[in-house]
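A.B. asks: Here's a structure for you.
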Amino acid sequence: MSSIATQNLRLQYGERIIAENLNLIFDKSEIVSIIGPNGSGKSTLLKSLAKLLVPTGGAVYLDGKDLQNISMDNVARIISVLPQSAQAPGDMTVRDLVTYGRMPYQKMFSKLNDEDIKAIDMALKSTDMVKLQNNRMGNLSGGERQRAWLSMALAKEPQILLLDEPTTYLDIHHQLDLMELVVHLYKTMHIIVIMVMHDLNHAARYSHRLVAVKNGTVVADGSVAEVFRQDVLEPLYEIRAVVTTVKEGNYEYLACFPYAAV
Amino acid sequence: MEPRMEKDNRSTVRLGTLCLGLVLLIASLALAVAAGAVHISISDLYQAVTAPGKTENYRIIYTLRMPRAICAGLTGANLALSGCILQGILRNPLADPGIIGISAGAGLAAMALMLIAPSLTALVPFAAFVGAIFAAAVVFFLAWERGVNPLRLVLAGVAVAAFFGGGMTALSVFFSDKIQGTVSWMAGGFAGSSWQHVRMILPYSVLGIVGTLCYYRKLNALQLGDDVAKTLGVHTERTRGLLVALAALLAASAVSVAGLLGFVGLIIPHVMRLVVGSDFEALLPCSALFGAILVVIADVAARTLFSPVEVPVGIFMSFIGAPFFLYLLKRRMRHS
C-alpha cells in the first residue's frame, strides 16, 4: 500500500502564491474529495501530488520519499492522473490510448509483453470499454471518452488515482455512471482515489473523506460527516445552505441545498 | 443502445501505404535518372547499374542525374520529417521549418559561410544547423506564453523568416562579386547537385532520420498534451528540446543542399496524417517516403516541363504549397 503526504507545501505560479502550509496525509485505501470554491487551489494541489508542479516550499512525500527525488517513470507507475479536459487525436483508437498507459513500463524499443497486454485488457474490462476498444476517440460520447481516459490511467496499475473534476461536461446520467465506476474501482483494486469535485452532493455521496480548501489553505479535513456540515460549507463557499439527509428506501444520503450567496 | 463496434483496419492501410511509398520512390528515382534532355531508356539504366563505365550514358547517369535524384530524395525526406516533428511537438498543423523561420536561419548561416569562407564548404550543414537552432530559439522565445501559442508562433516565424531573408539579401548585395555560385541555391533547387553534396547531406540525414524514428513513442505521448505525457514518465521539456534540435538538424541539412525549399514539411505530414492517422510510428516513415517522392518528382518536373529552361524546384513548390497553406489557415480559423 502506497501513501502520499504533503508537508508545509507551498505552491506558486510564478510570483503568485496559490497554496501554502498544506499538510495532508493519504495513507489508506479510501476515496477522498477535495472541495472548495474556484481558484482555491484544488487543482493546483492535485497537480503537485502528481509531480506536475514543483513546490516552492515544503514537499510531497510518496512512500516517505520526496517526490522530487523519484524518477518520472517510478512516479508514473504508482500515480495515475486523469487531467481535466485531456485531448487525444480524433483518429486514435481507445485501445491505443489505453496502451499508452504502459509507457512507464516500457523501454525505448521494447514491444508489449504479456503482462502489458493483460493490464490493458483488465483496464478496458473494468471500465466497460472492451466493446468500444477499436473505436476512434473522435467518435465517442463525452462519457465514453472519460471512461477511455480512466481506462488509460488504470492500465498503469496505479496505487494512487488522481481525478481532476472527472464529471465536468457529462450529463447527470453519465456523471453518476462515472462515480459508480470510481467506487467500483476503489473496491476492486484497493487504491487511494483523490479527486477534485465541484458537485458537493456527489462528493458527499461517493467519498469517505472530504478535504475543504479555501484561499490555498485546508480549512477542514475529515470524514464526510465531519466536513459536510452547514457550519463548514457556508463559510467555505460564502453561501447560505441547508444540509439535510435524504432517505430513499434503506439508504440515507447527505445533501446540500445552497439557496443564497453571501 | 447497441454498441457501435468499429473495425481496426489501420495496420492494412499503413502497410499498404508504406509498400506503395517504396514502389513509388523507386519508380520516381528511376524516372529522375531516365528523364531529361538526353533520354535514357530503362535498359540503358539497367546496363549502367550492372556494368558501370561501359555505356555512353553512364557519365550522365552517374555524375549528373543519380546524385541529383539522391539529393532531392534526402532533402524531401528530411523536410517532411522536420515538419512532422514540429507539427507534433507544437500541436500546431501550421508548423513547418520554412514557416516558423528555421529554414531561413539555416539559409542565412549557410550562405554567409559559402560567401565568406568558400573553402569550408564541407561545414555548410553544420553552420546551417547552428543558424537553424538560433532561429528556433528566437521564435520560441517570442512565441512563449505559458507554452507555445500557435498563432504567435506563426507570426514570430514570419518575422524571423523576414529578418533572416533580409540578411540574405544584404549578403548578396555586399558580396555581389561572389554571388554567382549561390544564386541557384538561393532559389531552392538541385541544379549542380553532385556526389559531393550527397556526401555532405548524408551523415546529417542519417543522424536526423534515425534519431527521429527512435523518438516516435515520445512524440506520440506529447500529442496527448504535456500533463498527460509527464504522467506517462516523459521528461517533456528535455524531450521537446531534443526534438526541436532534430527538426533543426533535418531542416538545416536540407537547406545546405537545396536552399530554401518551402512547404514540403507542411504538405506531406498533413496528407499522410489523413491517410495513415496520427500515430507517429506510421506517420514518420510514411512522411519521409512521400516527402522524398514529392521532391524527386517536383525536381523532374522543374527540369523537364519548360525545357530547355530549368525552373528552380523551390518556385515550383511555392506554387503548390502557398495555396495549400492558405487552405489550412482558413479551415483552422473556421474551427476556432
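Even glycines carry a Cβ here, placed using N, Cα and C.
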A.B. asks: Ranges B:20-45, B:280-305: which does TrEMBL label transmembrane segment?
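C.D. replies: Within the set B:20-45, B:280-305, TrEMBL attaches transmembrane segment to B:280-305.
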A.B. asks: Residues sitting near the transmembrane segment (B:98-117): Cβ under 8 Å, six or more positions beyond its termini, same chain?
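C.D. replies: Distal contacts: 82, 86, 123-125, 127-136, 138-139, 153-154, 156-161, 163-165, 167-168, 171-172, 175, 178-179, 181-182, 185-186, 247-248, 251-252, 254-256, 259-263, 265-266, 325.
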A.B. asks: May I ask which of the stretches B:123-144, B:151-175, B:311-329 has the most CB pairs under 8 A with the transmembrane segment (B:280-305)?
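C.D. replies: So the stretch in question is B:311-329.
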A.B. asks: Considering only Cβ pairs under 8 Å, which range in B:66-86, B:123-144, B:242-268, B:311-329 makes the most contacts with the transmembrane segment (B:151-175)?
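C.D. replies: Of the candidates B:66-86, B:123-144, B:242-268, B:311-329, B:123-144 scores highest.
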A.B. asks: Six or more residues out from either end of the transmembrane segment (B:123-144), which same-chain residues have a Cβ under 8 Å from its Cβ atoms?
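C.D. replies: Same-chain contacts beyond the ends: 97, 100-110, 112-114, 152-153, 155-157, 159-160, 164, 200-201, 204, 244-245, 247-249, 251-253, 255-256.
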